[in-house]
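As recorded in Swiss-Prot:
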type    : residues                  : note
DOMAIN  : 3-166                     : domain 'EngA-type G 1'
BINDING : 9-16, 56-60, 118-121      : GTP 1 binding site
DOMAIN  : 206-379                   : domain 'EngA-type G 2'
BINDING : 212-219, 259-263, 324-327 : GTP 2 binding site
DOMAIN  : 380-464                   : domain 'KH-like'
Amino acid sequence: MVPVVALVGRPNVGKSTLFNRLTRTRDALVADFPGLTRDRKYGHAHFSEHDFIVIDTGGIDGTEEGVETKMAEQSLAAIDEADVVLFMVDGRAGLTPSDVAIAKHLRQLEKPSMLVVNKVDGIDPDAASADFWQLGVEDMYQIAAAHGRGVTALIDLALNPFAEALKAENGEVSDLTEFEDEEEEQVDFTEEEAEEEFKRLQDQPIKLAIIGRPNVGKSTLTNRILGEERVVVYDMPGTTRDSIYIPMQRDEREYVLIDTAGVRRRKNINETVEKFSVVKTLKAIEDANVVLLLIDARENISDQDLSLLGFALNAGRSIVIAVNKWDGLDNDVKDRVKKELDRRLGFVDFARIHFISALHGTGVGHLFESVQEAYKSATTRVGTSVLTRIMKMATDDHQPPMVRGRRVKLKYAHAGGYNPPIIVIHGNQVRNLPDSYKRFLMNYYRRSLEIMGTPIRIQFQNSENPFEAKTNKLTISQERKRKRMMSMVKGRK
């Protein structure tokens, strides 16, 4: 499973700075969708070949007695369900009553925690950290999140136990290297590795995660999909943050249904108050191929829904949206709901939207048509010649802009990975292309390849000049001739 790191601390200690550094996105097209809220509290982070989820739990401000009331309920749940807690304090401001209150609260949770003293750049780190020994910690870690100093070692220490556990579980050797430079760009797959990834995906069942806010009908939809008389035997022992994985078959296609709400007998569904778990939902998104977001038609789409969609986009997951409880609404309300969806979901205009009733089964069957379509789009093999031809057509329709007096030249394109589809474009100065032109290329590929239900990632590689590192080496006769010419030029002066 993907480890979860929670950032905890009072306001203005640098949690957002560290969050932004950890959740940086290589390709602006992945994160910078028009209309997508940027006020995210959780995100996907990369450490070498290791992925993890990072959660900014928000600032706590107040006295010890105010900890329970000042901290949001979801933040408490996120801390409780996280694998590691990074307790951040401000080295310049020193120890405060809020820091003491938070430390006491974390001790009660008995959660693996690391005290992180931030903002130690330009000052004596040991002197700035001295007061924090009063918190009774065994060790503390000094960083400057704004400049990235110390972040590599911190993340290495936090994730190393999980890398070892994963290595033992898979019987593989895990290579944890340094945290990659923020400006560095790399291609996820070579063409050969992309081909291997394609073959692997064809042999696997589709992992479908049903996510959404509490009481939107996730359990009802799950039971509808599995069948009315299905006896629930999937509540296997495990931690409360583990989702339930249910193998199933539909239309001669194998699936694994990832249920974040828990499958319950129908008679108990209405009696159970569902507890929403952010961590459980994020882990389900990470582990899925296709994400099905369920929305209640009787409620407005929330910022939380948009944040979940944004997380799914950044994770590269295919997306299908279902609006539940559609039956019984009058036409005026339906029109208003559709307009609101169009207004707020423009950044996922590639995703199919279905209007269903999970309770009565209306429209549920069509969901799997879109799930299969999205997965097929995410895993369809496209050759280098086709991708290059589409790229040439795009540049003929709209030339790349000039950069520093020279026009950007796109040479060729090839597949760089699947699920999501990754297109690698090689050329001169391609990394200097503006986001607007990158978005034009992405939309052009989507229309040309008829890709629906999945985000597209385009990565750019500057072609290397094979003669750039070479110097002209003159022969002896050439050296003599050059000297004679130089002396003649000087003589004329």
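Cβ atoms are placed via backbone N, Cα and C, with glycine included.
All features noted in Swiss-Prot, drawn onto the structure.
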residue : record             : Cβ neighbours (10 Å)
Gly9    : GTP 1 binding site : 26
Asn12   : GTP 1 binding site : 13
Lys15   : GTP 1 binding site : 26
Thr57   : GTP 1 binding site : 23
Val120  : GTP 1 binding site : 20
Gly212  : GTP 2 binding site : 24
Asn215  : GTP 2 binding site : 15
Lys218  : GTP 2 binding site : 24
Thr260  : GTP 2 binding site : 25
Trp326  : GTP 2 binding site : 21
Fill in the blank from the handout: DSSP assigns the residues of the domain 'KH-like' (380-464) as 32 helix, 26 strand, 27 coil
Exercise for the section: Tell me, roughly as an integer, the mean pLDDT over the domain 'EngA-type G 2' (206-379). Expected result: 81
Handout entry: Whole-number Å value for how far Asn12 (GTP 1 binding site) lies from Trp326 (GTP 2 binding site) (Cα to Cα)
Key = 43
Practice task
Please tell me which one of the binding-site residues listed here (Gly212, Asn215, Lys218) sits closest to Lys15 (GTP 1 binding site), measuring Cα to Cα?
Solution key: Gly212
Exercise for the section: Give me the Cα-Cα distance between Lys218 (GTP 2 binding site) and Thr57 (GTP 1 binding site), rounded to a whole Å. Expected result: 25
Problem - Alpha-carbon distance [Thr57 (GTP 1 binding site); Thr260 (GTP 2 binding site)] in Å - result: 21
Fill in the blank from the handout: The rounded CA-CA distance in Å from Val120 (GTP 1 binding site) to Gly212 (GTP 2 binding site) is 40
